[in-house]
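Visitor: The structure under discussion is supplied below as structure tokens; questions concerning it will follow.
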Amino acid sequence: MPHDHDHHHPIDAGAGDRRVFMAIAVNGVLTLVQIVAGILSGSLALIADAVHNFSDALSLVIAFAARRIARRPADAKMTFGYGRAEVVAALINYTTLVVIALYLAAEGVGRLLDPQDVEGWMVVIVAAVALVIDTVTALLVFRMSKESVNIRAAFLHNLMDALGSVAVIVAGTLILLFDWRLVDPIVTLMIAGYILWHTAREIGPVIRVLMLGSPSDTSATEVLEGMESVAGVADVHHLHLWMMGEHETSLEAHVVLDDGADAVQVKEALKAMLSDRFGVVHTVLELETDGDRCHAAPRIGHDCRSPA
């Protein structure tokens, strides 16, 4: 389907920034309350949820800064613009989550080997408050989650935090009813496992953008075949297909024209096909004739030997 070349920012960027700032403030207060309550109650699960909430607040701070940087126009230093600031921020956020999850897993194993007393009532009450706040925070950024990989990650984190709070409530209840202290480190390990699983799912597309990878739903081979099906095109090689950002796909290629083909018409037809069929928003095409084409050039990638 057709794509435009504009960055996908909210219609009212200021209102979006205020929502993110509110989410940061709410998460910050919740984190402090959970840490204090976790220390007083002796609940590692509650502290684990607090650490995860802190990572959410930190990710929102990074996303907030990245949103503002990404809106800067292209300049002499950054000729492609600053849109990838959000992608870089996402990689930082996910990497931090992996470190936090591994730390929580180590602490959880330690508590399994040496269980500690836990105040169940405080765990349940604070986790219930966290459940409400996590849900509110997720709703604050829900609309923007469709526009940015960072905001979407923050939304999913807070939504899943709400489910983590449910798990902590269950753990506190089991401690109150059955004095089963092992449930606290078990829930901690479950939270750590969730963080690792979720991060593994989300970090791949982020790395793909930073590595100049092609879109996961677009085959470079299909793009080549589509280009070669356009009237007047004899051959396509030297193809580069990559993501400029989460919503922008770019392409460079060498196109060999049929004898007698109108270069302007072929170029316009190629760009229209690439935009309509593959959503490519930025295209650079080098038109060649059979006499001046690159010889032994790969269809995908670069390397060219001039004619002898």
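Cβ atoms are placed via backbone N, Cα and C, with glycine included.
Quick paste of what TrEMBL says about this protein:
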DOMAIN    20-211  domain 'Cation efflux protein transmembrane'
DOMAIN    216-288  domain 'Cation efflux protein cytoplasmic'
TRANSMEM  20-40  transmembrane segment
TRANSMEM  46-66  transmembrane segment
TRANSMEM  87-106  transmembrane segment
TRANSMEM  121-142  transmembrane segment
TRANSMEM  154-176  transmembrane segment
Visitor: How about the transmembrane segment (121-142) and the transmembrane segment (87-106): do they have 3 or more C-beta pairs under 8 A, pairs 6 or more apart in sequence?
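Guide: No, the transmembrane segment (121-142) and the transmembrane segment (87-106) are not in contact.
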Visitor: Averaged across the domain 'Cation efflux protein cytoplasmic' (216-288), what pLDDT does the model get? Just tell me the whole number, please.
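Guide: Mean model confidence (pLDDT) across the domain 'Cation efflux protein cytoplasmic' (216-288) is 93.
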